[in-house]
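**Student:** So TrEMBL lists these for the protein:
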DOMAIN    539-630  domain 'DYW'
REPEAT    90-120  repeat 'PPR'
REPEAT    121-155  repeat 'PPR'
REPEAT    222-256  repeat 'PPR'
REPEAT    292-322  repeat 'PPR'
REPEAT    323-357  repeat 'PPR'
REPEAT    394-424  repeat 'PPR'
Amino acid sequence: MGIWFHYHPLCQRTKALTLACSGIYFATRAFCDKPNHRIVHKDKNLVRVERDLIDAFTLHELLQLCAKRRSLLVGKSCHGLAIHFGLLTDTVTCNILINLYTKCGQNDCARRVFDAMSVRSIISWNTMIAGYTHNREDVEALKLFSRMHREGTQMTEFTLSSTLCACAAKYAIIECKQLHTIAIKLALDSSSFVGTAFLDVYAKCNMIKDACWVFEKMPEKTSVTWSSLFAGYVQNGLHEEVLCLFRSAQREGMQLTEFTVSSILSTCASLALIIEGTQVHAVIVKHGFHRNLFVATSLVDVYARCGQIEKSYEVFADMEEKNVVLWNAMIASFSRHAHSWEAMILFEKMQQVGIFPNEVTYLSILSACSHTGLVEEGRHYFNLLLSDRTVEPNVLHYSCMVDVLGRSGKTDEAWKLLDKMPFEPTASMWGSLLGSSRIHKNIRLARIAAEQLFRLEPENGGNHVLLSNVYAASGNWENVVVARKYLRDSGAKKEMGRSWIESKGKIHVFVAGEREHPGITDVYSKLEEIYHEMRKISHRANTQCDLHDVHADQKEELLKHHSEKLAFAFGLISLPPNIPITIYKNLRICGDCHSFMKIVSCITERQVIVRDINRFHHFKDGSCSCGDFW
């Protein structure tokens, strides 16, 4: 009796495998077309191999193909053949079986093969530990490593790197340091492979000093090593240090990779450094990385976060090949800049070219509807999401829809959606409802949302301030006093409002009533000139935005020196007249400052871009891109 390999026509498209041996079908074009496989008879789609001629080498190739294709059912059939031919006493066969099962996510089956082995090689241990790590069973990986160490099996750099991945996933700092000691003892720490793994773990465990120490001690630094260190700095929020490191790396002749430049671009995006971002873009083009999807996506994000949405779209449009991640980055960028119609057009276009939206796409398009008051469009996309069988709605989608309804004044409908959704409401949802209730003066819902927020985030002083502002906006000053007293007594902290602006390569930070900046005298003088011009057109401050129980004239004085106004005045003094004044703010821009920016953009004939915590506002000729809805 021979073994027949049957090639199904469908296999050419799906590359599926089917086994034919004693009623079990196996097919693979790659196997059937390879020479030297003792093919006795070949007719159309059928290939017969004599049963007596199947050996360990042939079976190993079949098992490796199954692992490559993640074909569990066929792999189990081959496992049956291995048992039939008595190959389970062979260490190599067992190692290949362990690899097959771990690749298919069947660690229990792999462990049964591992435990039944009479003789284990270092490959057996490495494959099983790597399998646990790959399938996120990190505790089991650490336990198996401990057993291996107790049994005295000599480890390799691959053993260490797999175990270190498990340490990183569990933030197991003590175990990581123990492994480092073992590596030094066995002289494995000089390997760039092991050193990079230790560097990566220390960075992920917020031990950046230890990561830097490992980096300095490494005799050979590869591009992967540099990329890991860059990523570690970014993960720990050390963005300015990343730029310094990048300059040092260039001086040392570091070989750039797409991962390295993506880390640098992430830093430029986080700090909104347009000059540095543009310089890195030039380096990317010089090295030919501008066609890389990963890099292009980072560039789109950098320009969008620096307020240059037109350049974002140029990078996007220049890419001949686009994946869903790049489409999502561009849709999210349009959303961030209140270009909701452009975001919706892209949403339709991506489907026309055969790329279907995922959960991130829906999140971005709902956010675009939220910040421009497009309730009906928001309902449409939310219903589209619920009917899309390829995407599972999550809590973030519901949070966005609550925001869409709340911002548009439909706070009761937002409350109903929040009440009936299949998830527990998050602090973000309650915060959105509280903010909407403040704007639309729904005191009843504001109290409900505030109570939930106090329970979920007792140390967040911003929640107490929001509730206090709800009372102040409705003139309920007694409750304002109570809310603010509770804020002081609770010890909760409110974040101070700050605005910053870049000029001549330096970041200048301002707070309300700023006195410490070296050029503050000139700033106040320029601001007075601006107010003088504004009074000529009978402009008055929007005192409703100041929620203190004082006279209107005092409120106007308090509003006069908000941080974004000081930053704008500084921008007029320090920036050339032909470029936009771009201001960044850590909180939401208030209504009075929003009105101020609209007027001064007209008076000074300057374009002003303000990025607050929610989105970008583009002020030009007396109007804002948000349409006064934010």
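Note that the numbers count up from 1, one per residue, in the order the chain is shown.
In case you wondered, yes, glycine gets a Cβ from its N, Cα and C as well.
TrEMBL: automatically predicted annotations, no manual curation.
How buried are the listed features, and what sits near them?
**Tutor:** Across the domain 'DYW' (539-630), the model assigns an average pLDDT of 80.
With helix defined as DSSP H, G or I and strand as E or B, the repeat 'PPR' (121-155) counts 26 helix, 0 strand, 9 coil.
Cβ atoms under 8 Å from those of the repeat 'PPR' (222-256) belong to residues 192, 195-196, 199-200, 202-204, 206, 208, 211-212, 215, 263-264, 266-267, 270-271, 273, 276, 283, 287, 289 of the same chain, restricted to positions at least 6 beyond its ends.
Within its own chain, the repeat 'PPR' (292-322) has Cβ neighbours under 8 Å at 258-259, 261-262, 265-266, 268-270, 272-274, 277, 281, 284, 329-330, 332-334, 336-337, 339, 350, 353, 355, 580, 582, 609, 611, 616, 618, counting only residues six or more beyond its boundaries.
Across the repeat 'PPR' (323-357), DSSP helix (H, G, I), strand (E, B) and coil residues number 26 helix, 0 strand, 9 coil.
Outside the repeat 'PPR' (394-424), and at least 6 residues removed from its termini, the chain residues within Cβ reach (under 8 Å) are 359, 362-363, 366-367, 369-371, 373-375, 378-379, 382, 385, 432-433, 435-437, 439-440, 442, 445, 448, 629.
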**Student:** Is it possible to list how many residues within the repeat 'PPR' (90-120) are helical, extended or coil according to DSSP?
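**Tutor:** Taking the repeat 'PPR' (90-120) as a whole: 23 helix, 0 strand, 8 coil.
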**Student:** Using a Cβ cut-off of under 8 Å, list the residues of the same chain at least 6 residues beyond the repeat 'PPR' (121-155) that approach it.
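**Tutor:** Hits for the repeat 'PPR' (121-155): 91, 94-95, 98-99, 101-103, 105, 107, 110-111, 114, 162-163, 165-167, 169-170, 172, 175, 182, 186, 188.
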**Student:** Write out how many residues of the repeat 'PPR' (394-424) are helix, how many strand and how many coil, based on DSSP.
**Tutor:** 23 helix, 0 strand, 8 coil
